[in-house]
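Structure, as structure tokens:
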Amino acid sequence: MSPNRWILLLIFYISYLMFGAAIYYHIEHGEEKISRAEQRKAQIAINEYLLEELGDKNTTTQDEILQRISDYCDKPVTLPPTYDDTPYTWTFYHAFFFAFTVCSTVGYGNISPTTFAGRMIMIAYSVIGIPVNGILFAGLGEYFGRTFEAIYRRYKKYKMSTDMHYVPPQLGLITTVVIALIPGIALFLLLPSWVFTYFENWPYSISLYYSYVTTTTIGFGDYVPTFGANQPKEFGGWFVVYQIFVIVWFIFSLGYLVMIMTFITRGLQSKKLAYLEQQLSSNLKATQNRIWSGVTKDVGYLRRMLNELYILKVKPVYTDVDIAYTLPRSNSCPDLSMYRVEPAPIPSRKRAFSVCADMVAAQREAGMVHANSDTELSKLDREKTFETAEAYRQTTDLLAKVVNALATVKPPPAEQEDAALYGGYHGFSDSQILASEWSFSTVNEFTSPRRPRARACSDFNLEAPRWQSERPLRSSHNEWTWSGDNQQIQEAFNQRYKGQQRANGAANSTMVHLEPDALEEQLKKQSPGAGRVKKFSMPDGLRRLFPFQKKRPSQDLERKLSVVSVPEGVISQQARSPLDYYSNTVTAASSQSYLRNGRGPPPPFESNGSLASGGGGLTNMGFQMEDGATPPSALGGGAYQRKAAAGKRRRESIYTQNQAPSARRGSMYPPTAHALAQMQMRRGSLATSGSGSAAMAAVAARRGSLFPATASASSLTSAPRRSSIFSVTSEKDMNVLEQTTIADLIRALEVVHTHAVLDEQQQAAAAGGAAGGGGISRGSRKQRKMGNAGLEPPQLPPILSLFAGDQTRTLQAAAANRLYARRSTIVGISPTGGAATAPAARSLLEPPPSYTERAANQSQITAGPSNAPTVQSKFRRRFSVRPTALQIPPGQAPPPGASLMEQSSQTALQRRLSLRPSPLARELSPTSPPGGSGSALPAGAIDESGGTSAQRLLPLPAGTRPSTSSTHSPLSRIVQISQAQRKSSMPSAAATGSSGAPAEK
């Protein structure tokens, strides 16, 4: 605080004291006048009474008696004088002194408020005066401290200037306080005591005592200056100076005391003292930890000593055997007889994985003896065990209490404690990581008491339950395969088996498997116009633009049934043979159920789709024909048959109602029967009348499949449909998921990817070839215009986009040729011809060509009279699959001496997938000049036809063709046989292609 600010604060403080003195003087001085008048009257009355009683005495005796009474009572009883010149106690100076003692918290107590108003005003007055007094004295102490330090620095400077060898001493806390106290004691205690002795007539010791009590704000109040009755008369004007001296001395002595306390506070904040404090606190904590750890260790020692000294010296007496040990069951399996009315017979135990069955049987015949452990304290009978311990009879109660305490303590498992401390591997303990490997309850789920396990896994030799509605789940499948969860696959078989049973029980009944809310909506919202066929369905994006459009009651149900296109009036197939539900083998006549997020199968309607079902999924029309079933129109009932009104009321896809997009888009699901009939009528009318677009008149070419299209009722008039993996009729083909390797799966994905990218280019090539050779001009599709996009390398779509029906998948001919130079497909491509032969040609498969490194002059093969520049392209495959040494899958090896052709363990799907060439091979893409579609091409040439031809690269001649056998595929032998057969039939294929007829590639 600056000196000016402190002076201003001092002026405010003195003014505040003057204000308080005026208030107290006004209140207490008037009250003192009244009290003194009353005392005068009382003194006169007492004097008259005493003189009346002492009337028989002489005057001297009366005066002596009155003086003794006055001295004893400390109040005069003599006759008061006519004029009383005794000074008042509550003068203005004394009122100021009282206010100062209140704010400085000294509180002598010689004078105090005598009225209620004075006491209340004192409380309010001290609330403001005490803080102001503290701030003032703190600033004064800071000023004294700076002055003291300045004097000390000046002294050191003087000493260093006069003595070059002078080194200032490093003063400690105690030395600094003592040095600061010396001038304070001399200035504020010793000298003022002489003044008090002179004016108050006190001894010096009392004056020094008063000075110390006042300076330290103790303020007993037994001695107070300036309150003598004769001091004003005796000292005159010096008494006024004395009164001012008392106030000034009081202020500065308190300020110096604050300075000393500040020095002590600074010393306590030094680094050395902080270090000492830290050391002390750390030692206290360490001592506490040592005490706690020592006590804990001692408790463990005490427990061990009790066990060794007392418990082991007596014979333990156990209680009755627990009822849990008498039950005929094991800890790893539940008690199957607890919920039965009659007790089940004790079954014979069948050991699952054990080599000691004979030993256990022998021990069982001899009788099992349960050995009680000495550590199982909960089974001890406390009274019977310790009552015979004569030497330790005094400790019986103590031992009983200790045993009870130790028996109730259940320490946590060590593994969980370690996992909680160290976190395990990625925060999981060993039991959590290996939870899927346990087929029985974990350690934490056992109930006490726990019997030691004598085996790994076991099961009861119970009679297998007769399942009436589903295939039993023989075990809890925790493992996963690349084809899905075994438990979900098992549940799928159960759902299909239920459908088989329902189909056999109610052949003529109609069963609708819908969601409960959807079925309720369908029953509630029946309307007369339900049989109306919706011609157009507004997409959701456009529907949001019209939020106030009225919503039909059956709209929600129609949207749920419009996921796939369902033909109207089609009846499901006949019931097939039952499943062998005690094995994992699926028969040829069985079907696969379809799971939707674990809810069960969808409605088992029939469709030309690819998912076959026998009451639990989609039904493939082709397999009905293969099984020898009657046509759909001849069947009278099935497991599921939708009503015509309900079937027509559902929402149809915009791709089945608008035939132009449907003709261009390769969809996974076929159009409905109603839309298909309209599309056929339009195509027939356009073909006969010769009007309309050629794209709408052409047959909608669908995306190629890995499997040949099955023969169905609509196969002659529509494009082939993709078959399902579960639609095969061979017993070996049903196990394709378990026998197909990862390499075969990758090759299959490559085939689908390549064929999907080149789908439209194959159609354009077929149409272009027909136009160049004088074929059909009206019925073929229009060729797309060549744009700038064909000059850049194409961006191949991902695998997932193959099933999205993306219509923006357009690649130009030049890009397709460059793509052919990099990839190849095993799917047969339709040659230049009309749309009538496209389905038959697209379903054929061809072996892969040979991949070899050829010279530049050998790769440039020309055909035809035109000489067009050729492009040489040489590339390397950018990816590969790690080869495997397994030529035949495990467990499928034929017997010795058997032929691979006769005894082949490969499925039909694997034989088709094996035709895919090895990704490790390399190919050189030769080119040929453009030519007509009817010109014969030599082996190894490509017909580009102006950049739009889709002709495949033929294998090299036998002399230059290397072997395509690869060790990375288990189907290499079948590939060699297929290539040999193709080599023998190559001349006929070339001759057929040269004549202009469709040739198989």
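Each Cβ is built from the backbone N, Cα and C atoms, and glycine gets one as well.
Since this is a predicted model, take the numbers as computed values, not measurements.
Per Swiss-Prot, the residue annotated phosphoserine among Ser332, Ser935, Ser984 is Ser332. Among the ranges 208-224, 735-751, the stretch that Swiss-Prot annotates as intramembrane segment is 208-224. Per Swiss-Prot, the residue annotated phosphoserine among Ser436, Ser565, Ser994 is Ser565.
Just one residue in Ser281, Ser348, Ser373, Ser985 has phosphoserine written against it in Swiss-Prot, and it is Ser373. Record note: of Ser429, Ser441, Ser537, Ser691, Swiss-Prot gives the feature phosphoserine to Ser691, with no matching annotation on the rest. The helix, strand and coil residue counts that DSSP assigns across the topological domain 'Cytoplasmic' (1-6) are 4 helix, 0 strand, 2 coil. The topological domain 'Cytoplasmic' (141-170): residue composition by secondary structure is 22 helix, 0 strand, 8 coil, according to DSSP. Same-chain residues lying 6+ beyond the ends of the intramembrane segment (95-111) with a Cβ under 8 Å from its Cβ atoms: 13, 16-18, 20-22, 24-25, 28-29, 89, 122, 125-126, 129-130, 132-133, 214, 217-221, 224, 226-227, 246-247, 250, 254. Just so you know, the Cβ of Asn58 (N-linked glycosylation site) picks up 9 other Cβ atoms within 10 Å once every protein chain is counted. Beyond the topological domain 'Cytoplasmic' (1-6), the same-chain residues lying 6 or more positions past its ends with a Cβ under 8 Å from any Cβ of the stretch are 136, 138-140, 142-143.
Restricting the average to the topological domain 'Cytoplasmic' (141-170) gives a pLDDT of 84. In the three-state DSSP reading, Asn58 (N-linked glycosylation site) counts as coil.
Outside the topological domain 'Cytoplasmic' (141-170), and at least 6 residues removed from its termini, the chain residues within Cβ reach (under 8 Å) are 1, 3, 6, 180, 255-263.
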